[in-house]
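In what follows, a structure is listed as structure tokens, so that the remarks can point back to it.
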Amino acid sequence: MASIFSIRSQFIYDKIINWFPGHMAKGLRVMSERLSNVDLIVEARDARIPLSSINHKFEQIAGRKDRIIVYNKADLADDSVQQPIIDAFKQYRNQHVIFTNANMDKNVKKIIDFAADKHKQDPSRYPFISVMVVGMPNVGKSSLINSMRRIGVRKGKAAKTGALPGVTRSVAVTSIKVLEDPPVYLVDTPGVMIPHLPDPESSLKVALTGGIRDHLSDEVVMADYLLWRLNNFGNFGYVENFKLSGPTDDINFLLPVISKRIGALQKYGEYDLKTAAIFFIKQYRNGKYGKYTLDDITVDSLNNYFVNENNPDKQVLLSKNQEKKLLWNKKREKRLERWKRQGY
């Protein structure tokens, strides 16, 4: 029998996740050194977390270089947020945004055409085009490169891909040709994480979409956050998948059910909750529960993001969940102060 169903008003999580291994720091340094030989930067991001997958380190590296923002894995995200994002980046940064699904080669030719246009505009200055592909871990950079190669030169895989973040660990020494006429070459780079994610929920979003190694954020916590988000979206597909009698907001109820259903049992028949959590998360990552964007994307939220991104002290409009979280934190601080005064 399922537990009594009521959705938590907020997801309480205060852990700060920092994952910035040595190869990422080295990759940033090498990118900066090689930038003088690059004509165009393609920055890949995850369409499911269009704001949380922005790495401001790339802003510093890119400087005045021409850049395309590519939101990959668009097949897993809400289609309705695409145009507001395109409009906002055009308005506030004058940047060109493309939404792609590299696994199906969708819209990838637009990237090749954008690069080729630089040659057409000034063939003497750009006899060939050198493109550097950057992005956070596991946003699909290598998949984009392989897709561009399939489309442009009809050849197979050139960059190694994988489900775990951090598959590419160094800046490629050689370039990968993706178009013959005009010649367009790509340079693959390692996924570089934001050195510090100050917002715990943003770090959970990045982890849930595969940008951070799962064990760093705790698979059970990620599964709990996923369950909470699905319930808030009104998506109860997990009820049918795991043959529940109804929806639940209790991960401690759901994981044993999943564990039993997939046969994830430990010694003496104990439930393997970690394996069950991983299975649940993997279903989400594979699109089993539909197309959702985890960031709050509205015209107001985008305007506030760009207006206030360099001015964190300036007041911004908050989502209802953020307002509840802020109120809860203030109440907690007051309680702690009161207990401290009372000598607890």
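All residue numbers here begin at 1 and follow the chain in the order shown.
Each Cβ is built from the backbone N, Cα and C atoms, and glycine gets one as well.
Per TrEMBL, domain 'CP-type G' is recorded for 24-195. Residues or ranges marked as GTP binding site by TrEMBL: N72, K73, A74, D75, N138, V139, G140, K141, S142, S143, G191.
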- When the binding-site residues N72, N138, S142 are compared by other Cβ atoms within 10 Å, fewest goes to S142
- Task: Tell me the Cβ neighbour count for G140 (GTP binding site), meaning other Cβ atoms within 10 Å of its Cβ, over all protein chains shown.
- Result: 25
- Site extent for GTP, whole Å (max Cα pair distance, N72, K73, A74, D75, N138, V139, G140, K141, S142, S143, G191): 21
- Averaged across the domain 'CP-type G' (24-195), what pLDDT does the model get? Just tell me the whole number, please. 87
- Going along the chain, which residues six or more apart from A74 (GTP binding site) have their CB under 8 A from its CB? A47, Q82, F99, T100, N101, K106, N107
- Item | Cβ-Cβ neighbours of G191 (GTP binding site) (radius 10 Å) | 24
